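The signal peptide annotation in TrEMBL covers 1-26. Positions annotated as domain 'Plant heme peroxidase family profile' by TrEMBL: 27-319. What TrEMBL records for 37-117, 70-75, 123-315, 202-227 is disulfide bond. Sequence annotations record features per position, and here TrEMBL assigns site 'Transition state stabilizer' to 64. Look at TrEMBL and you will find 68 tagged as active site, proton acceptor. According to TrEMBL, the substrate binding site annotation covers 165. Taken from TrEMBL, the feature heme b binding site applies to 195. According to TrEMBL, the Ca(2+) 2 binding site annotation covers 196, 240, 247.
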């Protein structure tokens, strides 16, 4: 009888752990918050839809936040940490400074979730869900997001500077950068399709307009007034011809030498990825499927789970 009581206590304790953490194994799960914060998905989706409705570019910004988080030591919300007097985070890294945006949308979501389920939903999980919801809001594909990531207590400016691909990267550089994260070349080409939405600053494509030859001349001419050879660094141009709609137009633009960034046009420049670009340009469904599958893979890059990390109550600072 005593043994039965003890077994019951152990089983009850295990159940309580499952309710508290969503899983006893530390693995990501679609139902991680089913008991602890059942409405968290709708809170995130509503906030993302509202933000994207107000400014379509925000969808691209939230997708990029997730990407810039996951490529630097895994999907752990390290990119959201503000610098302090004693800490230099990733926001001030070269690829992020004066470039990443959407932090206020994440703050809004976190505040709403903290009021409903204090200390439960991680910032890393918010980033992952917001990226998917952003693509859906811009008429792109959906994919299954699993949850249970925890938030880092540190960040690495040096890793952000070295791990994130540059807009001036060569094809071999892009392949290497993505390979370092476990992606195939085809997955790199698919994920680059994220540039079918959003805008870029003049400073990152100016050299292409004035010094490169593999660019459509009328395209370059049309962009130069908004991106002069000097000045206007922060003036924006769309990354493809339908930058508020998630589609396969990006790849058609590359075939026509209308890639905005040097790194974009590298995907179609007589190299090993030309055939993949042609496939995506002629088959939107194939691109959507490959992009969604690659996003699932990206969201699973080295997450903190179980007792690792923490669930930040404010995404900008550690608890």
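Note that the numbers count up from 1, one per residue, in the order the chain is shown.
Glycine too: its Cβ is placed from the backbone N, Cα and C atoms.
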Which same-chain residues, if any, lie at least 6 apart from residue 196 (Ca(2+) 2 binding site) yet have Cβ under 8 Å of it: 239, 240, 242, 243, 245, 246, 247, 248, 249, 250
Fewest other Cβ within 10 angstroms of its own Cβ, chosen from the disulfide-bonded residues 123, 227: 227
Inter-residue C-alpha distance, residue 123 (disulfide bond) and the residue listed as 'heme b binding site' (nearest angstrom): 24
Least buried by Cβ count (within 10 Å) of the binding-site residues 240, 247: 247
Among 70, 75, 117, 202, 315, the one of these disulfide-bonded residues whose Cβ has the fewest neighbouring Cβ atoms within 10 Å: 117
8 Å Cβ shell about 196, 240, 247 centroid, Ca(2+) 2 site members excluded: 193, 195, 197, 239, 241, 242, 243, 245, 246, 248, 249, 250, 251, 253
Per-residue pLDDT averaged over the domain 'Plant heme peroxidase family profile' (27-319), given as an integer: 97
In the chain carrying residue 68 (active site, proton acceptor), residues 6 or more apart in sequence that have Cβ under 8 angstroms from it: 79, 90, 95, 96, 100, 160, 164
